[in-house]
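Report on one structure; see the data block that follows.
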Amino acid sequence: MHPEPAPPPSHSNPELPVSGGSSTSGSRRSRRRSGDGEPSGAPPLPPPPPAVSYPDWIGQSYSEVMSLNEHSMQALSWRKLYLSRAKLKASSRTSALLSGFAMVAMVEVQLDTDHDYPPGLLIVFSACTTVLVAVHLFALMISTCILPNIEAVSNVHNLNSVKESPHERMHRHIELAWAFSTVIGTLLFLAEVVLLCWVKFLPLKRQAGQPSPTKPPAESVIVANHSDSSGITPGEAAAIASTAIMVPCGLVFIVFAVHFYRSLVSHKTDRQFQELNELAEFARLQDQLDHRGDHSLTPGTHYA
């Protein structure tokens, strides 16, 4: 009998521990996972936000809306302050200019003592000048009294300082000064220009026997007789021309003032409707917030 052949030598060392292969394969798997995904030292992901119930969501929405409403109210107050300041500045400049011009026009006008003025012309001219100066000085007085207080508040860089401004309480006085300076004062100024033209040019007329330096005496007499027969002197013609020009300008001014006022009122009305809609939305949210405990909520009614 032949002896049995020895088994072939094994490539693996039987004396090596079995745990070595498992540790090597585990390190390979860990390196593979670390190479494929995030590094092993990365912080864990934050937990998802907790579910918000419907009453809590209503409360958060209401607080956010009220915060936005507070900021919008402050912005609206600042816009009103800047608008009031601009109106007062424009009123003061316009009133000072037009009243000064009216005073100079009344003082510098030279009346012809030899001319027989119509009885009502000088009275109307004097009354118009006096009312014009009084209206503009009243608007200038309001602007001078209120404007420094508004300027002092507008120069302070603080959002809450708008409450210290008197523009809300003095709103009617500001609008009155604006109307006196821009509407009534401008119309009186146009009338003042027309009356000044009549007072200045009405005495100008050519004498019947006065020769003209550029024409022969015979021709001057013919022209003078023609002007006397027509009944319109050169001064009257100049006054009538100025009146014919100023009357359409006054009508255009009145139409523009009415159109501007209607457009401004329409814009303010639209803004009031928008604010009323916002207040209705606030009231709805407040009502839902007040009655959130009256309705029983199921556990599944959540907003993620």
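First residue shown is number 1, and so on along the chain.
Note that Cβ sites are derived from N, Cα and C of the backbone, with glycine treated the same way.
Listed ranges 72-92, 156-176, 198-218, 219-239; the one Swiss-Prot annotates as region 'Interaction with STIM1' is 72-92.
Swiss-Prot assigns Gly120 and Cys197 to topological domains of the same name, so the membrane does not separate them in that record. The average pLDDT computed for the region 'AKAP5 association region' (39-61) is 58. Non-local neighbours of the topological domain 'Cytoplasmic' (143-175) in the same chain are 74, 77-78, 80-82, 84-85, 87-89, 91-92, 95; each lies 6+ residues outside the stretch with a CB under 8 Å from one of its CB atoms.
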